[in-house]
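Heads up: the structure comes next, in structure tokens.
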Amino acid sequence: MTHILAIDQGTTSSRAIIFDASMNITASAQEEFAQHYPDSGWVEHDPGDLWATTAGTCRAAIEKAGLKPEDIAAIGITNQRETVVVWDKTSGQPVYNAIVWQDRRTAAYCKTLRDEGHDKMITARTGLLADPYFSATKLKWILDNVEGARDRATRGELLFGTVDTFLIWKLTGGAAHVTDATNAARTSLYDIHKGRWSQTICALFDIPQQMLPEVKDCAADFGVTRSDLFGRPVPILGVAGDQQAATIGQACFEPGMLKSTYGTGCFALLNTGDTAVASSNRLLTTIAYQFDGKPTYALEGSIFVAGAVVQWLRDGLQTIRKASETQAMAERADPNQNVVLVPAFVGLGAPYWDAECRGAVFGLTRNSGPDEFARAALESVGYQTRDLLDAMTADWQGSDVRATLRVDGGMSASDWAMQFLSDIIDAPVDRPKVLETTALGAAWLAGQRAGLYPDQAGFAASWALEKTFAPQMDAALRDRKYAAWKRAVDATLRF
């Protein structure tokens, strides 16, 4: 047993990655699935698609790697967070589509929660906001709107899970109804201080606690797969939500260590050690990982549009054919043009949390063209990251959160974007050799539990740097550019 199978179940596709005994990738497979938009602001997945693409990519990756069933020592799972699945305990059939983390159908209910003053209690216990982003209101919606669902849940006939829980249920043939602390911490039902489901919040949302999964450490025994899936039973030994898995994959194990993942959106997590820091700047307080029953906490900032701004250049403006073109365009852009893009296509995330505002462009002249738009698009990601780091610095007083920022995700491959990021935050930006940090984090959780991979200290020592981007921008220019960004955001919020 020399390999680890990492399952990375994401928002638009399912992936399976095989890691060898030295934590090198030997094979992978990926399959996209359909997105469903039944109403304005609604986003759903067919749970059957989540399962079929996961099982299919696992088999494909194992076949590509040329492995036998006995070669797989363990499975690690990482997943899109907050997405909700409810299914029948006996048949395993979902009662409704999975409601995705992006879904905003419960916005009016969340406003009612805030108006009635429940948001402070929710934040105090869970570290989260009263926002449709999180699982609790989605689960309540299913129980309230699917015929018979609430009665069946009360009778103990239905089960709830985030995507990891649903996949483990399917992988084990219904033998395990479990989750890990990082996924539980994103539901708005879990008390991150007491380490258990909150009776008070479950009562507020009218959620029967019997439908909630058992919560385990990130590295634990989550069950074994059905023998018919991969030729033999394989233990599932590691689970973490995608951004927490990336934090682990980046070896951000010490307080003050910070990572930022640049995909469709951007998620920055700051390790705050054994202290759950309450944010005064609308960041999220969450669990970074949990070992041996002891949680390590983090401050998290979420940006809704990062890599998606480049997709907008390609699909919306149609000024590029592929993302890699933006680097040369940004280099060609007229330095005397001060175009600022606020990419609030779906609102603004942390620290603003305004779901209603929309994107805007400032500083246009007759000479502004595709190159200036490309530069403004890449710069917007750096500006938003600085917003997060400023908020983190204010929340975690006395600590330098800008010592070094570790980056990963598709957009981190852009040298221009990473150099601008370093310039605007005035701190070094480290890009690792292994950019598949999310899958690596899940693989390490399972591998070290299986005895195949090194312990935490050994894994941290194995983290390898590909390139450091150091600040080069003049301080006065940095201040002028960021001040222009802040004015642009203020105008966007007031529009």
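Any Cβ shown, glycine's included, is placed from N, Cα and C.
Feature annotations, courtesy of Swiss-Prot:
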- Thr11, Thr12, Ser13, Thr264, Gly307, Gln311, Gly410: ATP binding site (BINDING)
- Thr11, Arg15, Thr264, Gly307, Gly410: ADP binding site (BINDING)
- Thr11, Arg81, Glu82, Tyr133, Asp242: sn-glycerol 3-phosphate binding site (BINDING)
- Arg81, Glu82, Tyr133, Asp242, Gln243: glycerol binding site (BINDING)
Those binding-site residues listed as Arg15, Arg81, and which of them has the most Cβ atoms within 10 Å of its own Cβ: Arg81
Listed in sequence order, residues with CB under 8 A of Gln243 (glycerol binding site) and six or more positions away: Arg81, Thr261, Phe267, Leu269, Glu300, Thr438
Cβ neighbours within the same chain of Gly307 (ATP binding site) - under 8 Å, at least six residues apart: Tyr262, Gly263, Thr264, Gly265, Ala323, Gly409, Gly410, Met411
Additional residues around sn-glycerol 3-phosphate, ordered along the sequence, whose Cβ is within 8 Å of the centroid of Thr11, Arg81, Glu82, Tyr133, Asp242: Gln80, Thr83, Val100, Trp101, Arg186, Gly241, Gln243
Spatial neighbour of Tyr133 (sn-glycerol 3-phosphate binding site) that is closest, considering only the binding-site residues Thr11, Thr12, Ser13, Arg15, Gln311 and their CA atoms: Thr11
Span of the sn-glycerol 3-phosphate site, taken as the largest CA to CA distance across Thr11, Arg81, Glu82, Tyr133, Asp242 (Å, rounded to a whole number): 15
Nonlocal neighbours by CB distance (under 8 Å) for Ser13 (ATP binding site), same chain, sequence gap 6 or more: Gln30, Glu31, Glu32, Phe33, Thr53
Nearest-integer angstrom distance between the alpha carbons (Cα) of Asp242 (sn-glycerol 3-phosphate binding site) and Thr12 (ATP binding site): 13
Taking residues Arg81, Glu82, Tyr133, Asp242, Gln243, which bind glycerol in the record, the widest Cα spacing (Å, whole number): 15
Shell of the glycerol site beyond Arg81, Glu82, Tyr133, Asp242, Gln243, same chain only (C-beta within 8 angstroms of their C-beta centre): Gln80, Trp101, Arg186, Gly241, Phe267
Cβ neighbour count within 10 Å of Thr11 (ATP binding site): 20
Pairwise CA distance, Thr12 (ATP binding site) versus Glu82 (sn-glycerol 3-phosphate binding site), rounded so that it is a whole Å: 15
